[in-house]
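Peer 1: Below you'll find the structure I mean.
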Amino acid sequence: MRKKIIEMRGIVKSYYLGTPNELEILHGIDLDVYEGEFLSIVGPSGSGKSTLMNILGALDRPTQGHFFLDQLPMENVKDEGLSKIRNEKIGFVFQTFNLIPRSSALNNVALPMLYGGKSRSVRTKRAKELLELVDMTARSHHRPNELSGGQKQRVAIARAMANDPAIILADEPTGALDTHTGRMVMDIFHRLHQEQGKTIILITHNTELALETERTIRLKDGSIVENKINEKIQLEGSYESA
Amino acid sequence: MNLLENIRLALEGLRANKMRALLTMLGIIIGIASVMAISTLGSAMTGSVSKTMDKIGGKNISVSLTPKNYDSQATLQPEDYITQDELNSFKETYADQIRAISLSSSLGSGKLNSGYVHKDVSVTGANPDYRLVNNINLVQGRFISDRDIQSSRNVIIIDTTLRNNLVGVNGDPTGMDITVKTKNTNETYTIIGVYEKVVIDNPLFNMGDDTRIECFIPITTAMSLNSASTSIPGYDNFTIMASANADTTAFAQITKQYFIKNMGALSDYTIEAQSMEAMVSEATSMLSTLSLGISVIAGISLLVGGIGVMNIMLVSVTERTKEIGIRKALGARNSAIRSQFIIEAIIICLIGGIIGVGLGSVLGVLGSSLLKFPSTPPVGPMIIALCFSMGIGVFFGYYPANKAAKLNPIDALRYE
Ligand SMILES: Nc1ncnc2c1ncn2[C@@H]1O[C@H](COP(=O)(O)OP(=O)(O)OP(=O)(O)O)[C@@H](O)[C@H]1O
Ligand SMILES: [Mg+2]
């Protein structure tokens, strides 16, 4: 029996737009994710995927329901505690990369370790290793505006890995990339999943990419409408040989 | 989140907006520079005042008969003068407060003739205490003695310039006779001593014509030569040197009361006694009024500067909302965000403060050299100015930094 890393029960998220007309986005989500799983979340635009991911990533709190992250009940955690959880247990990869524009690739990767209180030498060493892992060593001193989209996303993945998190949350990481670079990014995720046993939750609009993952959740209008185990498909991608 | 990283981050941010940072600093620069300039000037002035006090005697009280009403044509009556007997009993009464009483009587200007040397001099009659009270620095021979006074001897003390003219730098003029013509009569004096003139280079104390050569003779000799004073039974002014532990301001008051008792009620004259300390504090109060004025300007400038820093920090927080969101998503605590922005504000203010201290020191040194005070910028106010500018950074940086720290991570990340 694998360890449950995420357990969600009856998660509701509402927004208050003025007092009377409350806007409920998520209507009671139940979700379990096991350690080492590669999960994809699909669904039409506006269905609440990003909203769900913000809750999964401890960026936001649900309006109702229970959420256990690594067995820890999140409703008891204070804001400072959420910061610590984001820093230690979560690695975010965003569609628009979200790198710090004034910092070099190396400093961007080192940033979560800085907030984690690691020493400068440890940060630099680890950041270099991670840039090596995503094949970005040559660009480690470049700033984000000197990098292509695919390169930025590789730096962002390296940054997500900085504190060796339990879960990587990727919200449409290939959404801003062409098929080829998107493929490259997906290969990196597969490698992290297979070689390092990372739990990865991937939000995507691309059904083909979703099929590459072990399990797909389909959201519609704020509810889970499908939870499907994908057959193992043989990828002709380069990640196995890399 | 360590301090060094925060400083590095802040400098990175400032480098990206150099011009904006400089303009923001301007208020701080002007404020700190004016504080620094005035304190450099002030310390130069007080430094030179206390040096001058050492030279001219900080314990001195000058006492004089002054008209009650300056408009009237008052003249001194014989009974107005303070007699030697009155002075003696005064000195006895306050023996523990008085160290010396200097008496002098000017014979006015005269002409010295000695061989080839012809010089304009001024001749002053003095008592033995004159030397101590006026800090006469004797380099050769001796000063006027009690016996010189008693027998109204024709002896004279000249200054080094005159000595150099008469016998050269290495010569000894004591024992030499010189003739000085004052009040149209020639008198021959024997030189008994040479003194070195003290140069007081302080514009606050204008000691009159410094190029004049002053010679001293016994006061009794001077009074008998001064035909007008033959009938004068005493002195219209003298200088007291108070003892080291005396409160000169209080003793000046006591002195005034003591002599005013002896004055006839109908006299046109009264006694004024003013301590050197009081005169100095009068001179320095002018300075403190000036520095108060400049401090107010500096304060306003620092306030405006601080508000400018706050404004630019608010702009910076808004501009970097997304960045703040990213940092929070990566696990930055609110306190880390807060200290990042506070340190940025502190650094803006500190750099402004450093530029201000530099600029103010230069201005202060220039200003005081223009007024002929030797000066070096004081270290104390420098440190205070730098600490104060950092304080401004903390005070005006706190609100924007706290605003940044309290941003909701999702809203910040969504910010376009
Ligand atoms: N702060 C908010 N206030 C009000 N409504 C919000 C807020 N944030 C999100 N929503 C709404 O929540 C719904 C779900 O948004 P969400 O971003 O989760 O969709 P999504 O599934 O990620 O869509 P996409 O595929 O386009 O990224 C949308 O209708 C959106 O308008
Ligand atoms: Mg979305």
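Keep in mind that glycine also has a Cβ here, set from the backbone N, Cα and C atoms.
Keep in mind the model is a prediction, meaning the values are calculated, not measured.
Per TrEMBL, the feature domain 'MacB-like periplasmic core' maps to B:22-253. According to TrEMBL, the feature domain 'ABC3 transporter permease C-terminal' maps to B:296-409. The feature transmembrane segment is assigned by TrEMBL to B:21-45, B:292-317, B:341-367, B:379-399.
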Peer 1: Within the domain 'ABC3 transporter permease C-terminal' (B:296-409), count helix residues (DSSP H, G, I), strand residues (E, B) and coil residues, in that order.
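Peer 2: Summed over the domain 'ABC3 transporter permease C-terminal' (B:296-409), the classes give 98 helix, 0 strand, 16 coil.
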Peer 1: Counting only residues 6+ away from its ends, which parts of the chain sit with a Cβ under 8 Å from the transmembrane segment (B:292-317)?
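Peer 2: That would be 13, 20-21, 24-32, 34-35, 37-38, 324, 341, 344-345, 348-349, 352, 388, 392-393, 395-397, 399-401, 403-404.
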Peer 1: Per-residue pLDDT averaged over the domain 'ABC3 transporter permease C-terminal' (B:296-409) comes to what?
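Peer 2: For the domain 'ABC3 transporter permease C-terminal' (B:296-409), the model's average pLDDT rounds to 91.
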